[in-house]
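Taken verbatim from TrEMBL:
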TRANSMEM  20-46  transmembrane segment
TRANSMEM  100-122  transmembrane segment
TRANSMEM  142-161  transmembrane segment
DOMAIN    159-231  domain 'DUF1736'
TRANSMEM  181-201  transmembrane segment
TRANSMEM  222-239  transmembrane segment
TRANSMEM  251-274  transmembrane segment
TRANSMEM  279-298  transmembrane segment
TRANSMEM  304-324  transmembrane segment
REPEAT    347-380  repeat 'TPR'
REPEAT    412-445  repeat 'TPR'
Amino acid sequence: MACVEKKKATHAIVGLESAWFHICNIILHAVASILFTRVCFTVVGLEPEFATTAGALFAAHPIHTEAVTGIVGRADVLACVFFLLSFLSYHEESNKSYVWSSIALAAFSMLAKETGIMALLLNICYDFYKSWHSIKRRAAKVFVSLSLLLVFRLAVLQSSLPKFSNQDNPAAFHPYRHVRFMTFCYLTALNCWLLLFPATLSHDWQMGSIPLITNYSDSRNTATCLFFCCLAILIYKGIVDFEHQKHPSLVLGLSLLVFPFLPATNLAVTVGFVVAERLLYIPSLGWTLLVVYGLQLLRIKQKFFSPVPIVILVIFVFCGRSILRNRDWNSRESLIRSGLKTLPQNAKMHYNFANFLRDSGNVEMAASHYKEALRLWPSYASAHNNLGTLMSRPKDAEQHFLAAIRYSPNHVNAYYNLGQVYRKVNKTAEGLRMLERCITIDNTYTPAYLLMAKLHTIAGNKKKVEQLLRHVIKMHPKNPDHLAEYAGWLYDQGLKLKSMEYYKRALSHVAPHKSSLLGMAKILRAQGQLPRVHQITIRSHIMARVESGNQIFTGDLYFRSWQLQRQFQQLSNSRNTQQIESHFASICLPENTTDFSFFFHDFFLFCSMLSWKYGR
């Protein structure tokens, strides 16, 4: 919620300029790095040079690229800022502890991202470590606040958790418990490895990116055991240090690494991802603190050991990797291509690249990548649906749409597309059945209503057509396309005055709406109001120029005005309405006219256009 308000504020100030959104993320990332440096120095007592090193390593870590680069990642960065502020407010040395302000900041962190609520758990656990005998009152406040915030969060979710599918998190839906356990444990170790060695990075880790561990002899279990052995040793060291309190950096580093990551472990609830790099933004604080504290201990024990060359090398490597990763996020194409290069076994990556190729007009390559996605993940319903739209033969398309419905019974687009196929092969009854299923699944799915209206038009059911079109207008009263659609149907029924009313409503929302202008011209032509037809034509050209950002050249307008008048006079006695309509639709102003004369006439025409738009 807090992140949404932040995005709205950014939009209000700078509009939709993407660079400013990115700059805002960078500023927040810099603030988080400074706050982390302050935590390392004032709370856990790292030496100034090592506290600065921790801040620099955190700032340069490539794992943060997704969170800082993408607008979605702002939630994680903002949550981290409030998370650190909450921790500082609770633990920084001062005459009194600002418990309530810390709780409020933790609440803001939770509003930005659910993991922010772990700030309260971290605060109380570190408080147990630092001041075991004097925390009763503070602990009561924190636990009560934690409970209330959890209740509030569940209320926001309407007491129900998001529902995910096998495609989102395959391990969570595997029937065997030991497979789920081994895979989840390995994923935890993999996340830690990405923090330690961020060479393999991807924006999407779903659908076959990480094969499930189905047997105990899998070599990845060795890496899992090694990781948890190291983690167990560190936890043991931290628990032992509760008595002597010699290693606060170790305790805080472990807490920062473990607590914020707990919601992503599938222990309490099923999550909708396999690996999400942006969720490692806060846990990376703990990893960085542990690494830097290890360097400080080495320097203390080995007097001649200098960590400076190692630190400089690591920071340079991290910066270089971050720069390369930022290039991947330059565009949709570069991001998907980098994902395909990193995880060619990811079916969703091929699906996304196929969508990009289809949007770019490369239909053959798009079909190839859809087929590759289906080879890697045969039950991929969306890939079946999209591949079906590219099939030239209705029979092939029908097979893919039916497959999509078989694997995903509530796939609205598949039902709609199948209805389209049945319409093309004149199976009206089957088409209507598919479209009715669409509306049953999603009663706001407008394309289904419009296509049903066309099918009922073919069947001659005028009452049903009008009912459907009026329902669409009721759902979207300001949509000029739907208003013009209904107006066109009224015109076909001979209700010209009523049709004119809806065309005017459409133009009141979008003045240069082409189909509405054409429809009005048809009606006015039928009424013999040729001067108004001529006026609408000229105004449509002006509006088109204004909307496209082009200049209006009066010399051209004068010539076209005279030409239009003459052509309309020639066509006025013609009974071939279709000829007039096609002529009206083909009229356009030349783009390369350079006559700038009679500027004030342009101004007069523009004012006239505006007065017509607002009905004056």
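Including glycine, each Cβ sits where the backbone N, Cα and C put it.
A TrEMBL annotation is a machine prediction, not a hand-curated record.
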PLDDT averaged over the residues of the repeat 'TPR' (347-380): 93
Among 20-46, 251-274, 304-324, the stretch with the most Cβ pairs under 8 Å to the transmembrane segment (222-239) is 251-274
Flag the pair the transmembrane segment (100-122) / the transmembrane segment (304-324) as in contact if three or more Cβ pairs fall under 8 Å (sequence separation 6 or more). no
Highest-contact recorded stretch vs the transmembrane segment (304-324), from 20-46, 181-201, 251-274, CB pairs under 8 Å: 181-201
I need to check the long-range neighbours of the transmembrane segment (181-201): which residues 6 or more away from its ends have a CB within less than 8 Å of a CB in the stretch? 61-63, 65-66, 171, 174, 210, 212-213, 216, 218, 220-221, 223-224, 226-228, 257, 261, 264-266, 274-275, 277, 280, 283-284, 287, 318, 321, 325, 342
Structural state census, the repeat 'TPR' (347-380) (DSSP three-state): 27 helix, 0 strand, 7 coil
List the helix, strand and coil residue totals of the repeat 'TPR' (412-445) as derived from DSSP. 27 helix, 0 strand, 7 coil
